[in-house]
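Feature annotations, reproduced from TrEMBL:
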SIGNAL    1-21  signal peptide
DOMAIN    28-113  domain 'Inhibitor I9'
DOMAIN    139-606  domain 'Peptidase S8/S53'
ACT_SITE  ASP148  active site, charge relay system
ACT_SITE  HIS221  active site, charge relay system
DOMAIN    380-468  domain 'PA'
ACT_SITE  SER557  active site, charge relay system
DOMAIN    673-777  domain 'Subtilisin-like protease fibronectin type-III'
Amino acid sequence: MAFSFLFFFLSFLVIIGSVSSTANHLRTFIVHVQHDAKPSIFPTHEHWYESALRSLSTDTHSLEIGEGASNRIIHTYSNVFHGFSAKLSTLDAQKLEASPGFLAVIPEQVRHVQTTRSPEFLGLTSTDSAGLLKESDYGSDLVIGVIDTGIWPERKSFDDRDLGPVPAKWKGECVAGRDFPATSCNRKLIGARYFSSGYEATNGKMNETVEFRSPRDSDGHGTHTASIAAGRYVFPASTLGYARGVAAGMAPKARLAAYKVCWASGCYDADILAAFDAAVADGVDVISLSVGGVVVPYNLDAIAIAAFGATDAGIFVSASAGNGGPGGLTVTNVAPWVTNVGAGTIDRDFPADVKLGNGRIIPGVSIYGGPVLAPHRLYPLIYAGSEGSDGYSSSLCLEGSLDPNYVQGKIVLCDRGVNSRAAKGEVVKKAGGIGMIIANGVFDGEGLVADCHVIPATAVGASAGDEIRKYISAASKSKSSPTATISFRGTRLNVRPAPVVASFSARGPNPETPEILKPDIIAPGLNILAAWPDGVGPSGLPSDKRRTEFNILSGTSMACPHVSGLGALLKAAHPGWSPAAIRSALMTTAYTVDNRGQIMMDESTGNSSTVMDFGAGHVHPQKAMDPGLIYDLTSYDYVDFLCNSNYTTKNIQVVTRKHSDCSGAKKAGHIGNLNYPSLSAVFQQYGKHKLSTHFIRTVTNVGDPNSVYKVIVKPPRGMVVTVEPEKLAFRRVGQKLNFLVRVQAEATKLSPGSSIVKSGSIVWSDGKHEVRSPIVVTMQEPL
């Protein structure tokens, strides 16, 4: 029997490291099998998998993890794809290569979480009688699956008052575990599961004194993201007295299912895949994933494979873009079938200013609810980097790096980086400091994140940090001691400008497919108030014994569930819409100007942001409800996209489970012809003077039956963009029409290896709707 098995060596020296040199070293692999290749002698797929593993070597290393083949299997998968995860040595994996019916063996990756004003800021208010919330009945029959650190079910945000019965389609369950009886679920939290086998296969048995072997959240991240997506209206809500008001999620009546996959040392692919597999079987409508990692080709990316299986089943998948900003090429979760969400600010902040001994007031931000510094009094100020053990670790205020003889009774300036911002305050407090200023490094720029500190503390931008260090140095030289104080000014609303692209929000271009613009959109992700567990202090530090029902966190992790909740509202209002239609509605109605009427600012530089920062723009829920036209996609369009991205038929089958003939796709177009709501062209100059490309797009009318859309073209500077036809006349709802976009550019003088990005837009308008698509052109001069 000829065997169809492919073992992927994606830069194996990079991915597996020591495995290539120690062939018996065990690690977890995801094994992808052909669904229809199971030999008939096996009653089930599981028996087949076990037999394949039994046929491998039985050396002592292979048996470290158990006696039989069944013990070696971590999870089996049957919904998002067919296969299993197992501990294997490289030798075992190479032997599996000789087994019929196997498609791929993918080395596991470890991922990490990307850590009440926002509904109002987005125009979703409970008094709104005709908008998205009303149209969708607040999302009441939709189920959002949150793949994260679990949930704290007792929070008021997860109350089931006035909710109807659990939707009849729901097939999930409430899995009991430590401190989590099956009665923890209700008509709001209708499902909860946990997946730890992948985590324990790598790390050994979990420490149950600090972690719950159950869906209960011992971190806080999952509770926070779940309540952003679908928390009920809770009043009063605040964190340590800050951000007082009504807390509410995006889809307050949507049902929640919690899938816990993240543990003390991270979130393991084997468990994430198991959660996706269960969520599809359970019947969720939306999957929210605020977890990310490195970018690899789609056929080696377990999240991309799982998300394709979910999208193929009609589930809208939104994922966080990552917190690697403000540098370029930092965006993660970039597969075109995933809606990728960056983070913006809202019109609220928490000012906490530094007053220096020379009279200068320097703006900062903080959430601090304890005893404050005495008003009208200045305190001695030092820079940790010049007063500690070794310049580097003390400048960052790392554990054990500060000398109490220097720090006692002083305000300490610490540099941002390595350890958490709240942990720096704990280090300063332990050394006897009475306050702390955290200064951004050059890379962080001017972006500020408010944290719940355990000591009077504030965060300032990079240029302010430089100014404070200069002041300390000058005062010390002039024999007058440097002094300062911090004044906490509470909660400030109606801040301008807003939204601003958060400094930490990951940026494009898309490292895997530059022809697909990522992030897709941005949503509120800075200083977001949401539910928090009882077992964790607001700073997240083990020593923090304070307890709060809500906490304020920042990250693309907070932006993603905003879009997950909005996806549920749109699906409730338009049950026939595909995941691509929902994303299209969010993207083509997004806006790019702030509340001053100017292009959104980049928080890290204070300059205008670009499409690489915000994608199509900032979500506008009310407009997304009625977008006029949508760019739709099917699973087969994604197959064609992978064909045109030069993936082999075997690799495409690994991602899509579909047999593909790429000859038709390659004839029909190029990689940029995926029917995506944004258009991105990459020109390699190679000494050519004139460069051109075209895009073919299809729009579906979801607006008024008889409508005529005219195009408005804003070409990227110095380029020619033509659209044919310039007018689209629709006679009925659901009608599809095509158009062609030609982009012509002239070569620019660039040094070898460098590139330049220019952007514009095309807008289709019928006088009532404006359907906007960004056009991005990247000119590259190859090395």
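All positions are counted from 1 along the displayed chain.
Just so it is clear, glycine is given a Cβ too, placed from its N, Cα and C backbone atoms.
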Between ASP148 (active site, charge relay system) and SER557 (active site, charge relay system), how far is it from one CA atom to the other, in Å? 10
For HIS221 (active site, charge relay system) and SER557 (active site, charge relay system), the CA-to-CA distance in whole Å is 8
Taking the Cβ of SER557 (active site, charge relay system) as reference, which residues of that chain separated by at least 6 in sequence fall under 8 Å from it? VAL113, GLN114, THR115, HIS221, HIS224, THR225, SER290, SER320, ASN323, GLY525
Densest Cβ environment (other Cβ within 10 Å) across the active-site residues ASP148, HIS221 belongs to ASP148
Taken over the domain 'Inhibitor I9' (28-113), the model's mean pLDDT: 83
Per-state residue totals over the domain 'Subtilisin-like protease fibronectin type-III' (673-777) - DSSP helix, strand, coil: 1 helix, 65 strand, 39 coil
